[in-house]
Amino acid sequence: MGELLGLPIQASAHAQEIDSMIIVIHYLMFLLFVGWGIYFVWVLFRFRASANPIADYTGVTSHTSSYIDVAVVVIEAVILVGFAIPAWADRVNELPPEGESTVIHMIAKQFEWHSHYPGPDGRFGRRDISLITPTNAIGLDRKDPNGADDIATVNQMNIPVNKPVILYLSTMDVIHSLGIAEMRVKQDAIPGLE
């Protein structure tokens, strides 16, 4: 089913869970589509002009449609509470320890993503907005002892296999959205927040 939906390869530990949820929700949406289609066809035949030649200005006196509406709302609430919220809660857990992870600062800028990696010392150098130049887009202070060995790339992110990664997102101008489909991750970088 994942191939039919065009889902990308699974490159994270939680990708299978998210793909399973997507597939289940698509099955449920298909059932709702078929159910509403059958109901629509039934309404077309039930209330056709030949069966009701005289207009009834009092309208429907039964509450069946209200019950159906309530049932649909309950089913959708069950889907939300039963599938979406638990999946989200599993994703929103504590970050792995920074000492055991690859830590990357991702700085967004118009049409660019800047990846800032600590050097071999494992410490990030100081960044200052006053140091931003065409050749130093993130304002990295190379005079800072911690920043002398830092690595910065543009529109390229390198991460190790089978090791946790912590991305700290920030932006220099407007809101940007970082999406890594293979990892089933999407997060917005908002000005003023990290």
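Yeah, the Cβs are placed from backbone N, Cα and C, and that goes for glycine too.
Marked as transmembrane segment by TrEMBL: 25-45 (among others).
Sequence-remote contacts of a segment are chain residues at least 6 beyond its ends whose Cβ falls under 8 Å from one of its Cβ atoms, and for the transmembrane segment (66-89) they are 17-18, 21, 24-25, 28, 32, 39. Taken from TrEMBL, the feature transmembrane segment applies to 66-89 (among others).
According to TrEMBL, the domain 'Cytochrome oxidase subunit II copper A binding' annotation covers 99-194.
Note on the domain 'Cytochrome oxidase subunit II copper A binding' (99-194): mean pLDDT across this stretch is 91. Non-local neighbours of the transmembrane segment (25-45) in the same chain are 1, 5, 51, 68, 72, 75, 79, 83; each lies 6+ residues outside the stretch with a CB under 8 Å from one of its CB atoms.
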